[in-house]
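Enquirer: Residues or ranges marked as transmembrane segment in TrEMBL: 37-57, 77-94, 106-127, 133-156, 168-188, 208-226, 247-270, 282-300, 312-331, 337-363, 375-395, 401-420. The domain 'Major facilitator superfamily (MFS) profile' annotation in TrEMBL covers 38-435.
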Amino acid sequence: MTSDDCHTIIGDIEKFDEKKTELVEPSDEIEYPEGGVTAWLALLGSFLAQFTSFGYLNSFGVYEDYYVRTYLPNYTASQISWIGSTQLFIVLSMSMLSGRAFDAGYFYHVIIAGSLLFSFSLFMLSLTQPGQFAPIFLAHGIANSIAIGLIYTPSLAVVSQYFRRRRAWTMGISAAGSAVGGTLHPIMLNQLFHNGENGFKIGTRASAGMNLCVLLIAVLLMKPRWPPKKQDNNLLTNVKVFLREPAYVFTGLGTAPALLGMYFPLTFLQLYAVKRGINPQLAFYSLAILNGSSAFGRIIPNLVVHKFGNLNVLIVCVMSSVIMIFSMLAVNSTAGIVIFCVIYGFLVGAYVGLLGPLFANLAKNQSEIGARIGICFAFTGIGGLVGNPIAGALLSSSYDWWKAILFAGLAVSLAAASFTTARHFLSKERGTMIV
C-alpha cells in the first residue's frame, strides 16, 4: 500500500474530548475548523505516527536484502518475503479493528499500546540470531505488524475530524509521513546494518529507541475532537449494503491485485540493484530515493482531483505504474535505477494518497467512511499477503527477474481494469465523467 505501503481517510469519527468543553455530534452539517493550533498539531502528530508506522513498513526492502544475503542465507527470497507480506496483511486487516476501536473512544488506548509494542518488537528482533527464521518471523512479521496496525488507522482518522474542505490535501500530507519515513529509515538501517559484526543488533535497537520517542511525541500532539460514536450497524450489515454498489465493489476488487504487484519493486528493488551490478552504495539508497519521491506523489495529485476527478487520476497513475514495472526489465545502470525510483516512487505515492479520498467520495454519508475503508483494506491485505511470496518463488535462487516482473505487471494491469470498470459505474450513477 502500498504503501507501500497501504494509504487513507477515515472521516467523521467521534471521540470524547478530554476537556470539559461542549462536544458536538458529527453530522454532514457540522462545521470543521479547517485549521487552528489544535488541528495543525494533530496533523503534525499524524505525520509523525505515519513516519514511524507505515514508513517503517515501507523500509522492509532493506531487511529483505539483508536477510537474503547475510542473516538468513539458507532461506530463499520467497520464504523471507513472507515476513514482509505478512506485515502488509496484518496491518491492513487490522484497520477494521483499530478503526472501530477509535470509533468507540479508545484512541489513546490503541495508539499507546501500538507504540509500546512497536518498540518492544524491534528490541526482541535484535535479540534473534542469524539463521533463526521462526523468532525473526514472530518479532518482525507478527508483533511489529500488530503494532503498526494499531497505530496506522487511528492516527489517520484523527485528522479527518478537523478538516473537510482541505481533507484530501491534509490527508496527503499525513500520508507523506510514511514516505518520509520510508526515505530516512532505509538510510539509517543500511548504514548501521553493514557497520561491523553487531550492526544488525545495534541498528534494530537504535531504530526501536528512536521510533518510540517519535511516537510518544505524536501521541502528545494528536487529540480526538468528537465523543465515541454509537455502533448502530454491525460489520455484516455494512458489508451487505456496500456490496450492492458496483463502483465500490470494483474499486475494492482492484485494490487486491494492485497491492499484489505494486509492492514488488519496494520489496526487491535493493536486491535487484545489487544483483544487477549497481554500485552497492547507490543500491542502498534506492529505497530512500523511491520513498522520497513518493512523498510528492501523495500530495501533488490531490491538488488536482477536484478538476479531473479522484478515480480518473488514480487510474492514470495505476496504468503508468504498469509501464514502469515492465520497464524494470531494461534497467541495468545507475542512471536507470535513479530514474526508475523517482518516477515509480511518485506513482506509488499517488496511488496511496488518492485511495483514501476515493473511498470518502464513494461514501453516502460521513459516518460510513471508516467502515468502507476498513472493509476494503481487509480484502486488500490478501493481495499483500501472497504477492511478494509468489514473486519471490518466480524469482527463485537463479534470480529470474523477468518472471517476477511479468507477474507484478500483469497483476497491476488487472487492477487498472477493475478501477476502469468502477469508473464506468460511478460516472453512470452520477451523470458526469469527472469522478
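Cβ from N, Cα, C; glycine included.
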Enquirer: Examine the transmembrane segment (133-156) against the transmembrane segment (37-57) and state whether at least 3 Cβ pairs sit under 8 A, considering only residue pairs 6 or more apart.
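Expert: Between the transmembrane segment (37-57) and the transmembrane segment (133-156), which are separate recorded stretches, there is contact, as judged by 3 or more close Cβ pairs.
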Enquirer: Pairs of Cβ atoms less than 8 Å apart decide it: which stretch in 106-127, 168-188, 208-226, 282-300, 375-395 has the most with the transmembrane segment (337-363)?
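Expert: The stretch I would name here is 282-300.
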Enquirer: Mind pulling out the one from 37-57, 77-94, 106-127, 208-226, 282-300 with the most Cβ pairs under 8 angstroms to the transmembrane segment (375-395)?
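Expert: Of the candidates 37-57, 77-94, 106-127, 208-226, 282-300, 77-94 scores highest.
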Enquirer: Please identify the stretch among 77-94, 168-188, 208-226, 401-420 with the greatest number of Cβ pairs below 8 Å relative to the transmembrane segment (106-127).
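Expert: Of the candidates 77-94, 168-188, 208-226, 401-420, 208-226 scores highest.
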Enquirer: Restricting to the same chain and to residues at least six past its boundaries, which positions have a Cβ under 8 Å from a Cβ of the transmembrane segment (77-94)?
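Expert: Cβ under 8 Å, 6 or more out: 1, 5-6, 54, 57, 60, 63-64, 67-68, 133, 136-137, 140-142, 144-146, 148-150, 152-153, 259, 263, 267-268, 271, 377-378, 380-382, 384-393, 395-397.
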Enquirer: Where among 37-57, 168-188, 312-331, 401-420 do we find the most Cβ pairs under 8 Å to the transmembrane segment (247-270)?
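Expert: Stretch with maximum Cβ contacts: 401-420.
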Enquirer: Restricting to CB pairs under 8 Å, which listed stretch, 168-188, 282-300, 312-331, is in contact most with the transmembrane segment (37-57)?
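Expert: Of the candidates 168-188, 282-300, 312-331, 168-188 scores highest.
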Enquirer: Which bits of the chain, at least 6 residues beyond where the transmembrane segment (401-420) starts or stops, bring a Cβ under 8 A of a Cβ in it?
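Expert: For the transmembrane segment (401-420), the far contacts come to 250-251, 253-258, 260-262, 264-265, 268, 272, 275, 311, 314-315, 318-319, 321-322, 325-326, 328-329, 383, 387, 390-392, 394-395.
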